[in-house]
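Participant: Once you've had a glance at the structure underneath, I'll fire off some questions.
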Amino acid sequence: MSINCSLWQENSLSVKRFAFSKFSEVPGECFLLFTLILLMFLVSLTGNELIAIAICTSPALHTPMYFFLANLSLLEIGYTCSVIPKMLQSLVSEAREISREGCATQMFFFTFFGITECCLLAAMAYDRCMAICSPLHYATRMSHGVCAHLAIVSWGMGCIVGLGQTNFIFSLNFCGPCEIDHFFCDLPPVLALACGDTSQNEAAIFVAAILCISSPFLLIIYSYVRILVAVLVMPSPEGRHKALSTCSSHLLVVTLFFGSGSITYLRPKSSHLPGMDKLLALFYTAVTSMLNPIIYSLRNKEVKTALRKTLSLKTSRAINR
């Protein structure tokens, strides 16, 4: 496919449109990947929607832990919708182009939701730490106001970083080539197409990764160290098991999300391989978003009970129609 990548505007060379690289020249491989990603996308949307509805409609789940989980589910819906539809289109059609404005919009929302998830996962770890280490003060330390502030800060941080990084990158000139060696407008592959010195942008991405990925991750580690210490001094095995069971789902989600994100954004530029970056991106955009509702529903009796009620209510409404 021939793409007119650039034109002269005000004496500076600037790309108007980008195109995503093809996953494979073999149509069968693209169709197979399309089918797998579509299934994961549908499972993710359905699962996260059901969890959000179940939490909102079940008074028993109106607690800080489930308040953050509802935020996480809504976030995952936005996260996958910002990337996967265009990814699916690029896999099965020749319409792999995206405008400069469309690319900037996709980059903003992807960064916005990604950074917000980092902060929300840290807030969830703090909540579990307060519940296990300071149970007598839990109601005051994790009041409705505190939870709302933590959620607002998480979403606000994602918005600020998303706007800053997107504006910083798209203030550069793109002289061509215009093919993004990726599935979507992620920061490193788009930055690789910019002309001129991009060292400041690379430093900004690294600093943002340190502050918004490593810092929440360190807070999560600190919270779980405190939790582990508190659990070890508990006298009864039942108490220890109950305390750890409330953390296992969150810990698994943290491992999946931060593991793939850290490998992608904290590696040196020289070690980036396009094929590996694509696989990692596929993992933290499609796979983890699909697994999150499965992990939380399978390992949590209260969520499973609320989901059964939600599904039965939806079924009865469908029958009455």
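Numbers here mean position along the shown chain, with the first residue as 1.
Cβ atoms are placed via backbone N, Cα and C, with glycine included.
Heads up, here are the entries from TrEMBL:
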TRANSMEM  31-54  transmembrane segment
DOMAIN    47-296  domain 'G-protein coupled receptors family 1 profile'
TRANSMEM  66-88  transmembrane segment
TRANSMEM  108-126  transmembrane segment
TRANSMEM  146-164  transmembrane segment
TRANSMEM  203-225  transmembrane segment
TRANSMEM  246-267  transmembrane segment
TRANSMEM  279-298  transmembrane segment
Participant: By Cβ distance under 8 Å, which residues at least 6 away from the ends of the transmembrane segment (108-126) in the same chain are close to it?
Facilitator: 65, 68-69, 71-72, 75-76, 78-79, 82-83, 150-151, 153-155, 157-159, 161-163, 165-166, 184-187, 208, 212-213, 215-217, 219-220, 223-224, 250, 253-254, 257-258, 261
Participant: In this predicted model, what is the average pLDDT of the domain 'G-protein coupled receptors family 1 profile' (47-296)?
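Facilitator: Mean model confidence (pLDDT) across the domain 'G-protein coupled receptors family 1 profile' (47-296) is 86.
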Participant: Would you kindly check 31-54, 203-225, 246-267, 279-298 and say which stretch has the most C-beta pairs under 8 angstroms to the transmembrane segment (146-164)?
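Facilitator: Ranking 31-54, 203-225, 246-267, 279-298 by Cβ pairs under 8 Å to the transmembrane segment (146-164) puts 203-225 first.
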Participant: Could you name the stretch, out of 31-54, 66-88, 203-225, 246-267, with the greatest number of CB pairs under 8 A to the transmembrane segment (279-298)?
Facilitator: 31-54
Participant: Apart from its near flanks, which chain residues at least 6 from the ends of the transmembrane segment (203-225) lie with a Cβ under 8 angstroms of it?
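Facilitator: Contacts of the transmembrane segment (203-225) (Cβ under 8 Å, skipping residues fewer than 6 from its ends): 115, 118-119, 121-122, 125-126, 128-129, 157, 161, 164-165, 168, 187-188, 191, 247, 251, 254, 258, 261-262, 265-266.
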